Amino acid sequence: MLGFLKRPVVVTADINLNVVALTAVGLLSRLWQLAYPRAVVFDEVYYGQYISFYMKRIFFLDGSGPPFGHMLLALGGYLGGFDGNFLWNRIGAEYSSNVPVWSLRLLPALTGALSVPMAYQILLELGFSHCAAMGAALLMLIENALITQSRLMLLESVLIFFNLLAVLSYLKFSNSQKQRPFSLSWWFWLMLTGVACSCAVGVKYVGVFTYLLVLAVASVHAWHLIGDRTLSHVRVLCHLLARAAALLVVPALMYLLFFYVHLILVYRSGPHDQVMSSAFQASLEGGLARITQGQPLEVAYGSQVTLKNVFGKPVPCWLHSHQSTYPMIYENGRGSSHQQQVTCYPFKDVNNWWIVKDPGRHQLVVGSPPRPVRHGDVVQLVHGMTTRFLNTHDVAAPLSPHSQEVSCYVDYNISMPSQNLWRLDIVNRESDADVWKTILSEVRLVHVNTSVALKLSGAHLPDWGFRQLEVVGEKVSRGYHESMVWNVEEHRYGKSQEQKERELELHSPAQMDVSRNLSFMARFLELQWRMLTVKSDGSEHKYSSSPLDWVTLDTSIAYWLHPRTSAQIHLLGNVVIWASASLATVVYALLFLWYLLRRRRSIRDLPEDSWLRWVLAGALCAGGWAVNYLPFFMMEKTLFLYHYLPALTFQILLLPAVLQHISDHLCRSPPLRSLFSALVVAWYSCACHVFITLRPLTYGDKSLSPSELKALRWKDSWDILIRKY
């Protein structure tokens with residue numbers, strides 16, 4: 001039994017020294033003087049504030065993408081002992097001693113460094129030579145823009161890493177499919193593909209483009225698998241179920257996990273939670289939760305409430321009224337009812353309070369026991385501070401003439417009777433007997449006489465309306481919209497019938513305690529919707545650019561300027577690599593169409609295995625460039641050069657593949673092949689020279705004279721090469 005002790009235990013491993021060397025030089029290029037400059041560089045001012053929010057457990061909302069990327073950056077801050085105390089308000093501000101700059105920049109640098117050997121591995125898995133794979137890795141290593149972006153507290157290098165990991169994992173899975181399906185390595189690479197895809201989407205929404213590309217390639221391979229008659233029906237079904245679980249179910253679960261961890265970490269109220277619903281805000285520690293703690297759950301006749309518009313656009317606001325009336329005549333000559341104004345006010349105010357009244361009774365207090373208001377009940381809303389009834393009638397609204405004016409009724413003893421009955425419609429009810437609940441119920445108030453719903457138009461009233469937001473009556477027949485939906489945010493049971501006592505009561509806190517914790521799925525769905533619908537800042541920026549500028553490299557970004565010397569960091573691409581990568585994409589497209597047309601004529605220029613390798617390389621590399629670049633033409637937001645880097649990465653992978661294809665299949669004679677090889681070596685030398693020339697602007701560790709700076713302008717980039725060669 002102990003015979004194994006008589007022999008030594010030997011472990012063998014195959015180590016690719018190329019991968020080791022590429023990893024080492026990749027780490028060196030990205031980690032060299034990583035903490036320099038010790039100042040806020042460009043978008044670090046943007047991501048840094050979110051890291052501080054994580055450190056302080058404060059809720060925030062960022063419409064640029066899911067929280068996974070932010071959490072990874074925050075992990076670096078946590079490991080470095082960052083307490084979140086730094087004011088992220090100015091690019092170029094010096095970091096204080098409590099900010100672990102090296103730790104905060106470490107993860108982007110590591111992912112940028114690992115992308116170098118990953119490019120090598122991808123070319124090998126595609127079936128290209130070690131020489132082509134080393135060429136792809138070298139281009140990733142010396143591309144100046146990729147180095148700059150990965151050395152800062154930014155997310156593009158993290159996104160590129162997971163994009164490449166998804167492609168590499170799928171290629172390894174696909175190759176193991178040919179040899180050992182359902183083996184341990186087969187399952188590992190398949191599951192890792194799904195995890196990497198979900199991580200790419202979790203870093204930035206644009207990661208979904210690479211995810212869809214991988215899904216498309218996997219679908220084509222699965223379609224071919226279905227047609228394989230050597231496989232039984234059960235085995236084909238197992239293949240399909242495994243792919244569906246790994247590429248659909250796992251990414252969905254991972255995506256939910258990102259938000260689950262995010263919501264656990266940021267549980268305190270902060271400056272961003274005002275755009276969320278009252279229920280969401282009440283689930284956060286402090287803020288609204290502190291205000292609403294102890295409120296009664298069920299709205300009853302006599303309840304004092306504030307009504308918040310669920311839509312919350314252009315800003316979150318509450319139903320409001322004040323003593324001022326609508327002008328007799330508007331500027332356009334139209335007349336008004338001259339009734340008391342009703343608006344939507346974006347700030348907490350005592351004039352936001354309303355009393356829910358039973359039309360059949362005079363009391364403005366809650367009875368004992370309280371009589372809850374249910375779906376379909378007819379109520380009156382009495383403004384707490386002026387005791388006037390919420391009213392609407394057949395008079396055009398001031399700024400929305402096709403809608404009705406909403407007012408608080410003033411009796412002028414004229415032939416315009418009050419119309420102040422409103423029917424409660426609980427939109428998210430589970431049954432028609434549902435009770436109106438604080439925060440949880442989303443309701444429409446439908447006018448009984450005219451069948452219009454109380455709606456926030458979103459228009460700002462003129463100075464006579466104190467620039468507050470217009471509230472109108474909109475015909476229900478025109479369709480449902482969130483701007484018609486309201487919820488009770490603050491609530492107390494009214495106890496005072498006398499007006500003076502009631503005014504004091506409106507300023508006092510409630511006493512009853514009701515738990516209002518939202519489920520994770522409810523919070524996730526609301527947060528996801530807000531992130532997808534939040535308006536991005538579409539204003540022009542000094543360094544903003546269009547997608548057409550990226551391909552021609554007709555733009556750059558000054559990231560950082562030293563306050564005392566001329567040292568500076570710019571986001572500058574290596575012009576040789578960018579131009580050659582674009583040319584390689586065009587060459588690939590032309591060759592692919594040429595081969596496709598000739599194959600249609602039954603002319604096989606390439607062996608079948610070379611053709612399949614050529615097609616797969618184009619699908620993943622040229623396709624990766626297209627899906628990560630073309631969608632930006634349809635995006636209405638401020639764009640920068642760094643948005644092109646994920647697409648550029650796929651072009652860089654395609655470039656050595658095209659060069660090898662030309663050498664192997666188009667340069668048929670040995671002299672021509674030798675000449676082409678010499679040209680490729682010279683071209684790589686040019687790329688390396690541009691990298692070295694631009695190095696001071698990539699690392700920012702050298703002061704430059706005005707003449708040196710002028711020579712590095714992008715308009716003069718080709719002059720550098722011309723003078724050298």
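The backbone N, Cα and C atoms fix where each Cβ goes, and this holds for glycine too.
No curator has checked TrEMBL annotations; they are predicted automatically.
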Item to check | Of the residue ranges 58-79, 300-321, 344-365, 432-453, the one that TrEMBL records as transmembrane segment | outcome: 58-79
Checklist outcome for this item: Across 153-171, 611-634, 640-662, the most C-beta pairs under 8 Å with the transmembrane segment (209-226) come from 611-634
Checklist entry - Hey, does the transmembrane segment (575-597) touch the transmembrane segment (674-694), meaning at least 3 C-beta pairs closer than 8 angstroms, sequence gap 6 or more? => result yes
Checklist entry - Short question: which residues 6 or more past the ends of the transmembrane segment (58-79) have a Cβ under 8 Å from it? => result 47, 49-52, 100, 103-108, 153, 155, 158-159, 199, 201-207, 255, 258-259, 261-262, 265-273, 275-276, 284, 527, 530-532, 534-536
Next on the checklist: On the 0 to 100 pLDDT scale, where does the domain 'MIR' (431-491) sit on average?
Outcome noted: 90
Checklist entry - Same chain, outside the transmembrane segment (153-171) by at least 6, Cβ under 8 Å from its Cβ: which residues? => result 41-44, 47-48, 51, 65, 69, 72-73, 104-105, 107-109, 111-112, 114-115, 118-119, 121-122, 125-126, 146, 189-190, 192-193, 196-197, 199-200, 203-204, 206-207, 210-211, 214, 217-218, 620, 624, 628, 642, 645-646, 649-650
Checklist entry - Are there at least 3 C-beta pairs under 8 angstroms linking the transmembrane segment (611-634) and the transmembrane segment (575-597), leaving out pairs fewer than 6 apart in sequence? => result yes
Checklist outcome for this item: In the same chain, residues at least 6 away from the ends of the transmembrane segment (611-634) whose Cβ sits under 8 Å of its Cβ atoms read 126-128, 163, 167, 171, 206, 209-210, 212-213, 216-217, 547, 550, 585, 588-589, 592, 595, 599, 604, 643-644, 646-651, 653-654, 657, 661
